[in-house]
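Only one structure is covered here, and it is reproduced in the block below.
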2 protein chains.
Amino acid sequence: MMRSWVESANTEETDFPLENLPLGVFTTGEEAARIGMAIGDRVLDLRGAARAGLFDTLDAEVRKSLEASVLNALMALGRDASRELRARVQELLADAAAQRFMSGLLHLQGAVQMCMPVVVGDYTDFYASIHHATRVGRMLRPDNPLPQSYKYLPIGYHGRASSLLASGAPIRRPWGQFRRSGEVAPCFAPTEALDYELEVGFFIGRGNLPGEPVAMADAEAHLFGACLLNDWSARDIQSWEYQPLGPFLGKNFATTISPWVVTMEALEPFRVPAPVRADGEPAVLPHLAGKENGRRGGIDLQLEVWLRTAQMRRNGQAAVQLSAANLRDLYWTPLQMLVHHTSNGCNLRAGDLFATGTVSGAEDGGRGCLLEITQRGTEPLLLPNGEQRLWLEDGDEVTLRGFCAAEGQRRIGFGACIGVVRGAGVFPLMV
Amino acid sequence: MMRSWVESANTEETDFPLENLPLGVFTTGEEAARIGMAIGDRVLDLRGAARAGLFDTLDAEVRKSLEASVLNALMALGRDASRELRARVQELLADAAAQRFMSGLLHLQGAVQMCMPVVVGDYTDFYASIHHATRVGRMLRPDNPLPQSYKYLPIGYHGRASSLLASGAPIRRPWGQFRRSGEVAPCFAPTEALDYELEVGFFIGRGNLPGEPVAMADAEAHLFGACLLNDWSARDIQSWEYQPLGPFLGKNFATTISPWVVTMEALEPFRVPAPVRADGEPAVLPHLAGKENGRRGGIDLQLEVWLRTAQMRRNGQAAVQLSAANLRDLYWTPLQMLVHHTSNGCNLRAGDLFATGTVSGAEDGGRGCLLEITQRGTEPLLLPNGEQRLWLEDGDEVTLRGFCAAEGQRRIGFGACIGVVRGAGVFPLMV
């Protein structure tokens, strides 16, 4: 375990020890947004560090990428650059002699504003948790819950990049078209079935050219890092619109991501074998299989959802945990998602984002969205303070948390991914 | 009818008279890409014109936007800027005295390379032709071809922005996973059902903020212009993957757009009323209706698909026309698509693109893709030279054309949207 002269980075409970060093973009309010790294309860100004000459031993391209106000240029340089930067910062933050000239580059996390860390060109969402897909499918097709292709390919679709939001941005309840139970014609009204989805997002580092698929043996080199992602969903809008082209307005009003990008280097000690398929399950097609994926395709990442209602906040009550799941239980690994995504020649660019879909576990405690927990709005979730929820209400605050933990390893945390639901307001037409 | 001193702009057959002036981005090969306007068989260098002081009477923001190598900044300025620029160029190109100092700013279109005109943040595709939706739906559900929501909202989904290509870029036949007829397990192979789709795309000018829907009365102000769009599709990959989240790898390997953005100003004389709904059809919900849409929501734009096979090229034979349709026959108008898209608060940004989905007519001659023409690959299309097609073959060249024409009006053309199919090549894993 490494020790830093930033004392808050040496505690057991911190998300951000010297072994993590996730990247983000922050502003102090006075200056323009710039790239930083989380260390304990501080954020290190990487642009300032570069300008102070602390990265003069690094590749000039790395230093140049730190002048930007988003991570895309750094991501495009690939894993070697990321590894080089990380090693240098670890060296500096471990060296007591560096404290003297570095303390001016550290800000309290509580005193800065985190921004969208990346300009996301394209955002893709998968459906990789078989526990989620099975529970949801069972509501519609009890005898045959999984789509026919489920065990052959990681099902995915394109989401909206423009409405990706940094943690903390308010979520306005969307208006939309949906059909109330028992009615023939649809209405247009604020959604009555607002949900969250517990997901993990992966950012692309080095891209691939159009028409050039990425082989499994090369896939790892194209991953840059990960974040938490809340794929807010309006279930009534979604179920009215989704045939035959998939989710659209039921999803694209807002998607929240956690502000820190945890690098693949930090996740390294928590890589685990891909799930082994049971007897009788179809074999993975050759281009989606491979030694690399079998040996370390999975990630042992614990995930949690917490809810704090307006009433809880008023009464000073703490948030309530709604679920706990682990990323290693996905049916498809991030490497398989990436290889599948490019298998037709689709090009991924630096900063592109793909998410896992709702991460749910096998047990009832691992249901990653209200759709699963309340059985599509039919079985109320009882909260300890006596409140009930079928779906999210205005004022509800949803927080996702994630961390890697293992015997003999420092905790690698993701920080929080937070959103508070705001009222729908008046639709402009009707003003 | 206006006359220009660029004589080729005064012919009856040109796509680009003085009344059109579409915007694009070109390079001469020697210099970096820059913004231009088509006039007859020439392209006018707008950056050069601005630097030469010809736009000094225009808003400084307009001049500044012409320094960019894509149209996004100009688009963001909205319709007034576009109108101002257009009027000034019309004045210059009509004034014989301007020829002396402007001829150096004109390049032969045949001597320049057209580039992607816009950085597209998000690309959305709709399904707005009821003739297309009905024919496709009938293949799967003969008694109930249209999705339940079809007449209540313009169905749409998110496509891939990274794989948008400028006209002329080769289309590599995608590899993919699909299930051959009669087989239980899927294979992974180059697609055996490659198709084109005849579509029209619309670019957003002024955007809207997250959480702020656009009312129908304001929708027109957010449209900037239009292009032709070929949504290449691999039908076998698509039908294996699309449940329940919609098309993904069956579509996102390539989407070709025509290089010229025809402005809404040029389309103005061809605006027509939105289709009137027959008795018994559901009324349009209030937020998707409105006077503006009723009076001029449609566009009278004729569209054509042409095919030239490798054999035709070898034998010096001309392309064969496969279909003809008109944009005015869509069930939903571009204004309705835009209003629906933002109705949940989804933000559209300058340069974002939405397309109509396959534009098909009611008659057999108006089928906008091979899926319709060959009844899902079961009835061969016979070509005049004796060749047959169920789907596209390597070497096939597909060209989309579009133009507005009316008594007493100059023809407003879109130019061509071209792609040639290339072989799939070897999948990297198997090398």
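One is the number of the first residue shown, and numbering goes on along the chain from there.
Heads up, the Cβ atoms here are built off N, Cα and C, so glycines get one too.
Site annotation (TrEMBL): Mg(2+) is bound by A:K251, A:T255, and the candidate from A:D231, A:D279 recorded at this site is A:D231.
A separation of roughly 10 Å, to the nearest angstrom, links the Cα atoms of A:Y127 (substrate binding site) and A:E199 (Ca(2+) binding site).
For the pair formed by A:Y242 (substrate binding site) and A:K251 (Mg(2+) binding site), distance between Cα atoms is given as 10 Å, rounded to the nearest Å. The Cβ of A:H132 (active site, proton acceptor) has 28 neighbouring Cβ atoms from other residues within 10 Å, across all protein chains displayed.
Model confidence over the domain 'Fumarylacetoacetase-like C-terminal' (A:124-417) stands at 97, taken as the mean pLDDT rounded to a whole number. Among the recorded positions A:Y127, A:H132, A:E199, A:Y242, A:K251, A:T358, the ones whose Cβ sits under 8 Å from a Cβ of chain B are, in sequence order, A:Y127, A:Y242. Other than the site residues A:D231, A:K251, A:T255, same-chain residues with C-beta atoms no more than 8 angstroms from the centre of those residues' C-beta atoms, the Mg(2+) site, are A:D125, A:G159, A:R160, A:E197, A:L229, A:N230, A:W232, A:S233, A:N252, A:A254, A:A355.
DSSP assignment over the domain 'Fumarylacetoacetase N-terminal' (A:19-117) gives 46 helix, 20 strand, 33 coil. Measuring Cα to Cα from A:E199 (Ca(2+) binding site), none of the recorded positions A:H132, A:R141, A:Q238, A:K251 fall within 10 Å. Cβ-based neighbour count (10 Å, all protein chains) for A:E199 (Ca(2+) binding site) stands at 28.
DSSP gives A:H132 (active site, proton acceptor) a helix state.
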